[in-house]
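As structure tokens, the structure follows; a few thoughts come after it.
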Amino acid sequence: MTATGNKEDVYAEFEKFSRFQLFQYILICCPIVMVSMMHVNYIFVAENVDHRCLVPECEDSQDPSVEIPEWWPTGVNARCFKPVVDMQNYDSTNQTCSNNTFLDVLEECHEWVYENNNSIIAELNLGCQSWKSSFVGSLHNAGMVLSMMVTGWIADKIGRKPTIIICSVGGLVGVLKIFLTNYYVYLVIEFTESVLVSGLYTVAVVLLIEIGGDSKRVLGGVIFSYAVYVGEVLFAFIAMGLKYWKLLVIVVYTPTILFFSYLVLLRESVRWQMIRGKTNEAKNTLKLIGKFNKLKVTSEEIDEISDADLRIKFDVVIQKEKEKMRDILASKETMIRLAVTSFCFFASSFTYYGLMVQSVLLPGNKYTNFILSSLTAFPGDFLAFVCFKRFGRNISLQGAYVASALFLIAQSFTPEYLSWLKVVLFLFGKCGVAFCFTGIYTYSLELFPTSVRGSLVGFGNTAARVGSMLAPLTPLMVGNLDSLPSILFASAAIIAALLLTFTPETKYLPMFDTIAQIEHYKSKIMTHL
């Protein structure tokens, strides 16, 4: 074999998954786990707790029970209204209360007795205002919408590494919540924290894909999703053990200070550096990869290779002109892909987080149900990995959306006395949705070019966060029709499956670097047709 041939083989080794890539994957997954816990913490931190109105004149002790007292008037809502004490009758009975101690008048309740102080409901005195606890989750997801709108663009402009660090360390803002006693200030902090950290979901998966290379595109998406699910399961176990919401916040948010170390430990995407013309920085990263992975190439040899030859070896096209929003809008093919993936993101997120909220309402222990719901995501992702590799992305996603819809509809119409069957069908539906969520992340990364991948995946993630913003409100629909949430989830999944007929199979396609390459590929396909 010639020296040139050997050298070509060495440069091919740079994109093979080895020690460097594994170390970077671990670094990227750690903040994903933490942010995942932040994203679902409201399910327990802002969960509703049993409560009743406090009637100071009649309470028997300094620590009254949430149980309805014997003296409480019959037919009076103990949660929202309190009976007015007839003081003359009250004094005549030695200041003791009975069913006859009250006037035929009710007052709106402003003080409550709570079953426990494990959530902000008791701490912020939100009794009889269940919409306020649901709104915490919706506002958190609204912050995610704003974050997704800008984070992908920022990652494309300044790089993947600095954006990940900003998002990871931003979680420290959440610690402020433990010092708050005002609901509206709490909302401000919740929203701010979400805006700072949520963009990690966009940039982290992009960096995983770009570090792993073409051969690990599906694996990168699956590992990203597994990191998210590990965070959810870990949070459920922590919540089960600690219960008190302030301890939960401290445990989940304070470790993010460690991510300042990523200024030294984390490396930028070589592909992003090359496409942005930052060849010197790319060469420095390659030197580190060569040292980590013990490749037979010296620093001098990397320095001596020309910028053009380096890009050729890694099949990277430098942008002569930066592609902007008008280039995206002008590309019909890109806009179709963006529209389809955005709805798929919405459907996956709306259903996934809707089912996460619904899981604590299932028969049985709420912590156990939440853990089981999170654990079903693992086989769902494994199925996505297997099916994507064997059957392709598009057909696998369509099948998963349809299957999850069928399971959820079946679950909603299963009789209540078959509670075990309802739980099983629910978990199968959740497994299918996890398949879809992971699948659309991986699929969208392959559909969009490197030049605008962060921005367009970020746009899709924005649509996902609209779905997750609506998800915490779904329990409020149960009062109208018990099966309504499941019908909405299934409908969204079916529409997503139908829309996927307009996007191409990417299993055998390369990772495109520019919009122009996508348009050129599309024109070739149309010409052959």
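For all residues, glycine too, the Cβ spot is worked out from N, Cα and C.
What TrEMBL lists as domain 'Major facilitator superfamily (MFS) profile' is 93-508.
The feature transmembrane segment is assigned by TrEMBL to 22-44 (among others). When Cβ-Cβ distances below 8 Å are used as the criterion, the transmembrane segment (22-44) is approached by residues 118-119, 136-137, 140, 144, 164, 167-168, 171, 174, 190, 193-194, 197-198, 200-201, 204, 207-208, 211-212, 220, 223-224, 227-232, 234-235, 238-239, 245, 248-249, 252-253, 255-256, 259, 262, 265-267, 292, 353, 356-357, 360, 370, 472 of the same chain, each at least six residues removed from its ends.
Per TrEMBL, transmembrane segment is recorded for 164-185 (among others).
The feature transmembrane segment is assigned by TrEMBL to 191-211 (among others).
The feature transmembrane segment is assigned by TrEMBL to 218-238 (among others). Sequence-remote contacts of a segment are chain residues at least 6 beyond its ends whose Cβ falls under 8 Å from one of its Cβ atoms, and for the transmembrane segment (218-238) they are 25, 28-29, 32-37, 39-41, 44, 201, 204-205, 208-209, 211-212, 248, 251-252, 356, 367, 370-371, 374-375, 377-378, 381-382, 384-385, 388-389, 434, 437-439, 441-442, 445.
Residues 24, 27-28, 30-31, 34, 37-38, 41, 44-45, 117-120, 123, 161, 164-165, 168-172, 174-175, 177-178, 235, 238 of the same chain sit 6 or more residues outside the transmembrane segment (244-266) yet have a Cβ under 8 Å from a Cβ within it. Look at TrEMBL and you will find 244-266 (among others) tagged as transmembrane segment.
Residues annotated as transmembrane segment in TrEMBL: 334-355 (among others).
According to TrEMBL, the transmembrane segment annotation covers 367-388 (among others).
Below 8 angstroms of C-beta separation, residues 344, 347, 351, 355, 383-384, 387-388, 421-422, 425-426, 428-429, 431-433, 435-436, 439-440, 443, 482-483, 485-487, 489-491, 493-494, 496-497, 500-501, 505 of the same chain, each at least six residues beyond the ends of the transmembrane segment (395-414), sit close to that stretch. As annotated by TrEMBL, transmembrane segment applies to 395-414 (among others).
Residues annotated as transmembrane segment in TrEMBL: 420-444 (among others).
The transmembrane segment annotation in TrEMBL covers 456-478 (among others).
The transmembrane segment annotation in TrEMBL covers 484-502 (among others).
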**Report entry** Segment-level pLDDT (mean, integer) for the domain 'Major facilitator superfamily (MFS) profile' (93-508)
**Finding:** 85
